[in-house]
Amino acid sequence: MTDSAHIVTLSLSELTKQLKEGLLSPEDVFYSYMEKTLDVNKKLNCCTGILLESFDQLKTASSIKEGLLYGVPVSIKENIAYKNHDSSCGVIINLDQPVEKDSVLVEVLKRQGAIPFVKTNLPQGLLNYDCSNPIYGQTVNPHNLQKTSGGSSGGEGSLIGGGGSVLGLGSDIGGSIRIPASFCGIAGFKPTAGRLSSQGIRPIYRGQKSVLSSSGPMARDVDSLALCMQALLCDHMFSLDPTVPPLPFNTQIYQSSKPLRIGYLENDGYVQPSPSMARGIREVKALLEQAGHTLVPYSPLNISHAAHELMIKGVLADGATTLLQKLVGGPVDPCLRSQVLPYYFPKWLKKTLSFLLKPLVRSIPDLWKQHAAVEDYISETIAHWRRCDIDVLLCPVIGPAYNFLYCGKNTHVLTYMMLYNLLNFPAGVVPVSTVTAEDEEELKHYKGVYQDLMDKSFKQAVSGGEGLPVAVQCVALPWQDELCLRFMKEVEQLIKQRTSN
C-alpha cells in the first residue's frame, strides 16, 4: 500500500529523488496526485479536464528514467496545446477544435519523463486576472472559498495552492502567473519572453507585439521552478524550436551566494499598495539587509505614461476589436463584463466618452510610433537601472486575493505586474507572510494616490483578507532568469529562517 497522503506532501526535489532511487514508482505518485486533484477540484473548480492519455504514458514511464522530471505528474493551463484536446481560452467560439499536436513545452516535459495529467482553468479570453468563464465556471481560492484564485493562470494557482499538483505550467502577459501565485500562496516565475518556446501556447489573439507574453512554471517552492526551467532548457527544446536561443540553465548563477545590490520600491506612485503588499516589502528589505545585501531605493520611470501610452495602447491597439470578435456566440462572463463593457458602446457614445476611452492606435504609422516608444522606454529603464547600479529589484505584487468580480474593475493596479511584460524583464513571486488583523485595520484608512473610484474599488477588492497569503515580486534584467530565481530563493530562505526562529 502506498501512503498517498505522504506522497502529496513531498517537495518536488524530494519526489524526484525518491523516484530516481526507486523508493517510489511513477504509478504510486501518479495515482496519489490524480486522487488528490479530483478531491481538490470538487472544492475549488480549478480543472477543465483530465488528460486521459496520461494513463497510457504512465505505462511506458519507466523507459525515461534519466529524465530530470521522471515520473512527475504536471498540470498545464488550458491554453497550452495537448494533442486531441481543446485550447479554448475560455471562449465558446474556440470549443470543439482539438489541437493536432502537443506544444513544444509539453513535448519537452514528456521527453524529461514528466506526465502532464490535467488541464486547468483560466478567465474568458485570457486578458483578465480573475479565473471564470461561461464554459467551466469560477475557480476559487484554496485559502478562502469566498475569494478568487486570481488569473489568468488561476486554475494552476488554485490546484497547486490546494495541494493537487506539485508543478504546473502557466502563461503571463500582465501578471497571469504572478498574480495567482500571490493570491494562492505559491511560487511562480515569468521568464524573459523568448527564453522558452511559445509554440503551441494559444493567446486570445496573435500579432500584438508591445506587451509580450511568456510561459513559465508555478510550484510550491523556488527550487521546483528552477528544476522545471533546467528541464525545459535542454537540447530537445532548442532543436524543436530553433527560434529559441540555445541557452541552457546556468546552475552556477542560481547557486551563487555573492551579496547583491537590490533596488526596492514599496509604492509605484500610480497605485497605493494595500497595507500587506507594502509590509511584505518592508519586512523582506530588512531581512535582506541583515543578510548582508545592499538595498537601494528605486522608482520606476513615468508609470502613468507607461500605463496609458505603452501598455493599454499596446494590448488594445485595435480598440479591443479582436477580443470582442472572440467573445461572440456566447455570454460575456461576469468577471469580464465591467472590463469590456465600454468597448460595446455605440460610436456616438464612445465619442462622447473619448476622454475615458483614449483613442488607441489609429493607423500603421501610429502603431510603429507606439512600438518605437516601447523600445525607448526599455532603453531608458535599463539606463536608469544602471545608474542605480542594481543587480535585481524587489517590488510589490498585487494582493491579497480579491473578493469576486473586482478584477475587471481594477485594471489600473496591473502597473505593478504588466510593467515587466512591457520591459520583458524576468519576474517571479515568492510568498512571505499572511494578512494580519493590523493590515485589515490599516486598510480602513486606505485612500489611494488619486482618491478616486478606482482607488475605492481596490480597497473593497482586498478587504476581508485576514489570514490570506502575502507575497513579494523579484525582478532582473532580460535573460538574467537564473539571477532572478537566485534572488527569489534568497528571499524564500530568509523567510524560512525567520519562521523557524
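Using the three backbone atoms N, Cα and C, a Cβ is placed for every residue, glycine included.
Feature annotations, reproduced from TrEMBL:
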- 32-485: domain 'Amidase' (DOMAIN)
- Lys77: active site, charge relay system (ACT_SITE)
- Leu126, Ser152, Ile173, Gly174, Gly175, Ser176: substrate binding site (BINDING)
- Ser152: active site, charge relay system (ACT_SITE)
- Ser176: active site, acyl-ester intermediate (ACT_SITE)
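Features recorded in TrEMBL, as mapped to the structure shown.
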| residue | record | Cβ contacts under 8 Å, 6 or more apart |
| --- | --- | --- |
| Lys77 | active site, charge relay system | Lys119, Thr120, Leu122, Ser152, Ser153, Gly155, Glu156, Gly168, Leu169, Gly170, Ser171 |
| Leu126 | substrate binding site | Asn79, Cys89, Gly90, Ser152, Ile173, Ser176, Pro203, Ile204 |
| Gly174 | substrate binding site | Leu127, Tyr129, Val211, Met311, Val315, Leu414, Met417, Met418, Asn421 |
| Gly175 | substrate binding site | Tyr129, Val397, Ile398, Leu414, Tyr416, Met417, Met418, Asn421 |
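Across the domain 'Amidase' (32-485), the model assigns an average pLDDT of 95. Taking the centre of the Cβ atoms of Leu126, Ser152, Ile173, Gly174, Gly175, Ser176 as the substrate site, the nearby residues of that chain (Cβ within 8 Å, site residues left out) are Leu127, Asn128, Tyr129, Gly151, Ser153, Ser171, Asp172, Ile177, Ile179, Ser213.
There are 35 other CB atoms within 10 A of the CB of Ser176 (substrate binding site), with all protein chains counted. Within 10 Å of the C-beta atom of Ile173 (substrate binding site) sit 22 other C-beta atoms, taking all shown protein chains into account. Residues listed for substrate, Leu126, Ser152, Ile173, Gly174, Gly175, Ser176, cover a largest CA to CA span of 11 Å.
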